[in-house]
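Here's what TrEMBL has on this protein:
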BINDING   Gly24, Leu25, Asp26, Gly27, Ala28, Gly29, Lys30, Thr31, Gly70, Asn126, Lys127, His128, Asp129  GTP binding site
BINDING   Thr31  Mg(2+) binding site
Amino acid sequence: MGLVISRFMKMLYAKKQTRILIVGLDGAGKTTILHKLKLGEVVITTPASGFNVETVEYNNVIFTAWDVGGPDKIRALWRQYYQNTEGIVFVVDSIDRERISKAKDELHRLLSEDELRDAALVVFANKHDLPRAMSVSEITDKLGLHSLRQGRWYIHSSSATDGQGLFEGMDWLSSVIASKAK
């Protein structure tokens with residue numbers, strides 16, 4: 001009897017483990033966001049030339065977060081990280097108007113992959129605290145988000161340096177992933 005209760009309690013309070021990708025163009029703030037979520041502080045980083053892997057626990061979900069570099073040469077390797085991915089965090093530089101169409105192309109290419117068909121998508125409109133940042137609605141339009149999956153995406157303005165907006169996006173992502181597990 002004790003074993004049955006023990007197993008029930010374990011199932012009731014078990015933490016869901018999942019894999020997410022953190023991707024976006026170079027310089028968007030992917031690594032800074034990862035460190036802010038993991039450590040709660042800003043860590044001085046250099047542009048990622050490969051990938052970083054961190055485990056982040058949030059809302060009873062354990063995320064294995066793969067922060068994959070954004071330069072052109074590295075983006076060709078993103079496919080290596082798609083398998084078993086349940087969530088995508090796509091980071092956009094809100095002040096980089098010149099490359100927003102390139103970000104759109106990369107996002108749509110990413111979402112056309114079979115392995116990512118069921119992955120939930122969070123878009124962080126990062127650097128929103130800086131002058132001349134595009135609004136969330138402008139980024140939504142420029143990325144063509146309304147043409148994507150019914151309700152399987154969420155966008156929020158963010159600032160990786162002060163954490164603004166990050167928890168709202170992670171709340172949504174952990175909720176979607178937890179509801180899929182039921």
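Heads up, the Cβ atoms here are built off N, Cα and C, so glycines get one too.
Gly24 (GTP binding site) counts 28 other C-beta atoms within 10 Å of its own C-beta, drawing on all protein chains shown.
Secondary structure from DSSP puts Gly24 (GTP binding site) in a beta strand. Sorting the binding-site residues Lys30, Lys127 by the number of other Cβ atoms within 10 Å puts Lys30 first. If you take the Cα of Lys127 (GTP binding site) and the Cα of Thr31 (Mg(2+) binding site), they are about 13 angstrom apart, rounded to a whole number. All chains included, 25 other C-beta atoms sit within 10 angstroms of the C-beta of Ala28 (GTP binding site). Taking each Cβ in turn and tallying the other Cβ atoms within 10 Å, the top scorer among the binding-site residues Asp26, Thr31, Asp129 is Thr31.
Reported as a whole number, the C-alpha separation between Asp129 (GTP binding site) and Thr31 (Mg(2+) binding site) equals 18 Å.
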